[in-house]
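Colleague: Could you have a look at this structure, given as structure tokens, before my questions?
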Amino acid sequence: MLYLNEQEHTTAKKKHQDMIKLHRVHKEYHPNITALCGIDLHVEPGEFVSIVGQSGTGKTTLAKLLIAEERPTRGRIVIGGWDITDIHASQIPFLRRQIGVVFQDFKLLRQKTVGENIAFALEVAGEPRQRIRDVVPQVVRVVGLHGKEDRYPNQISGGEQQRVVIARALVHRPKVLIADEPTGNLDAITAHEIVDLLRKINDFGTTVVLVTHDKDVVNRLKRRVVTLKNGCIHTDHKVGKYVLA
Amino acid sequence: MKLVRTIVRAFKFALQNFWRNIWLSIATILVFVLTLTMINLLIVVHVLTQTAVQQVEDRIDVSVYFKRGTSEPTILEAREYLLGLSQVRSAQYVSSEEAYTRFTQRHRNDSSIINALSTIESNPFGGSLVIQARAPEDFEFILEALNNPQFGDAIEQKDFEDHERIIARIRSVTDRVQWFALGVGAVFLVIAVLIVFNAIRIAIYTHREEIGIMKLVGASNSFIRLPFLLESLIFSLVSTLIMAAILLPALQVLDPQLSAFFGTASIGLTEYVFSNGFLVFGGQFIVLAALSVLSASVAMSRYLHV
Ligand SMILES: Nc1ncnc2c1ncn2[C@@H]1O[C@H](COP(=O)(O)OP(=O)(O)OP(=O)(O)O)[C@@H](O)[C@H]1O
Ligand SMILES: [Mg+2]
């Protein structure tokens, strides 16, 4: 895969402006498994960045580092001015409330309705009932699922399920939304709808990091594309476009 | 406010865990109840032993018979001396006349004995002291004290022994029962700890999706742990309540029979348990809860990864 650049992206920004800042981030799962090798990446608030690359190049690893699911072996990670490199375990929940996550294997609870699945994220964070009652309909409307709150996951389509997952990621009004292969199991049209939803969320001001394999998705987006190769940043283009190699 | 909300929600999750693995919950509670049964058996046997030993001990006395012709003042002096010992609870003087009267009273229907007695001109009985010790172990000391040359020569015979054997027999039986209960109780306790560990491990496994989601949406670690701790508390509480529901009626049936056996108004077991019920069952609950919370914590630290 190749991503042609139309305009070289410059990362020379003032430090305090960065929403996400990775400085020479290395990640080794074992001494001989290097997933990331010295990543330098700066993402501004409100940006929409797609992370692409072949399987096994460390895209998911990168996403996991951003939510402190994994720790970097070396380097520094700063999110919204908060250095999370050595974040204490007790602080991780607060980080997670500021970063919405959509993972491919990050499923819905079958025995809960759409509304309950979304409310769950607020319940477990100890939010008051009244706030849950206010927020859930709002995010349901944002992802275009109103009227389906009382359905169970097996009563809605795959695309709709993914919308519920996105809605759940939005309940804490995160500054950053990280989506790892959110269109993985979806057909092209549904995938585009999901990406449109992500773009809409981005338009509201949320920084979006999208990890994807999908060339159509990247082409349609016309946003910044970072390509990883063997754990390193291969290209970083302001507006990425997929072309056949 | 937020704390209350958190606890209420965690409690809801705990109840869900409980119901979703209901058979495991039942098995856990069963082992808990068996463990408690052993502990309570220990308590009951202990109280019964105390009662039985007390009964025998209260009856133990040593009769010290003085030689005929020993003067009353000498015997009374011996009595004073004995009462001065801290080991002696009481010392009753039985004069030779009294002994004679008692003897004839006891054998009044046996003419041959009465006749034989009447052929003897003088009273064949000497005076005696009936001594009660504070503790059965003290008799040895008391008897030793009586060997004191002042009285030793005047003493005809000392008579006790049998009681000691009775107490020893009671103790050997109850000791064996207590060791048995202790051993079985300890085994059940180990099983209980292991089963809680497993119950929590399985609860974590059944809820791995929820737990994964909770972590990713920013549930605090304590919120993730709380339902499992509460679940182990629910196990302990339900087991203790079941135990109380079994033990209290059982005691009420048993108590009159045991009282009849020991020939006392009441051995006080029921009163003891009823009046100290809070302490008895509260204590058991606390021990059980502490152990199961500990076990659950180990299970969580191994399988929860938070
Ligand atoms: N938990 C782990 N333990 C050991 N090695 C791991 C672990 N997770 C990932 N890796 C390795 O790290 C490398 C990067 O994995 P990662 O999942 O980040 O790739 P990816 O770009 O997301 O791939 P894909 O497109 O297939 O999802 C791979 O070589 C993978 O085998
Ligand atoms: Mg991946």
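Any Cβ shown, glycine's included, is placed from N, Cα and C.
Please treat TrEMBL annotations as automatic predictions, because they have not gone through curation.
Feature table excerpt (TrEMBL):
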DOMAIN    B:61-147  domain 'FtsX extracellular'
DOMAIN    B:184-300  domain 'ABC3 transporter permease C-terminal'
TRANSMEM  B:21-48  transmembrane segment
TRANSMEM  B:179-205  transmembrane segment
TRANSMEM  B:226-252  transmembrane segment
TRANSMEM  B:272-294  transmembrane segment
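Map these features onto the structure and tell me what's around them.
Modeller: Under DSSP, the residues of the domain 'ABC3 transporter permease C-terminal' (B:184-300) split into helix, strand and coil as follows: 105 helix, 0 strand, 12 coil.
Nonlocal intrachain contacts for the transmembrane segment (B:21-48), taken as residues 6+ away from its ends with a CB within less than 8 angstroms of a stretch CB, comprise 174, 177-178, 181-182, 184-185, 188-189, 191-192, 195-196, 198-199, 202-203, 206, 235-236, 238-240, 242-243, 246-247, 251, 258, 267-269, 272, 280, 284, 288, 292.
Long-range contacts of the transmembrane segment (B:179-205) within the same chain: residues 17, 21, 24-25, 27-28, 31-32, 34-35, 38-39, 41-42, 45, 211, 228, 231-232, 235, 288, 291-292, 294-296, 298-300, 302-304, each at least 6 residues beyond the stretch ends and with a Cβ under 8 Å from a Cβ of the stretch.
Long-range contacts of the transmembrane segment (B:272-294) within its own chain (CB-CB distance under 8 A, at least 6 residues past either end) are made by residues 32, 35-36, 39-40, 43, 47, 189, 192-193, 196, 229, 232-233, 235-237, 239-240, 243-244, 247-248, 251.
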Colleague: Would you report the average pLDDT that the model assigns to the domain 'ABC3 transporter permease C-terminal' (B:184-300)?
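Modeller: The answer is 85, the mean pLDDT of the model over that range.
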Colleague: If you run through the domain 'FtsX extracellular' (B:61-147) with DSSP, how many residues end up as helix, strand and coil?
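Modeller: Split into helix, strand and coil, the domain 'FtsX extracellular' (B:61-147) gives 41 helix, 18 strand, 28 coil.
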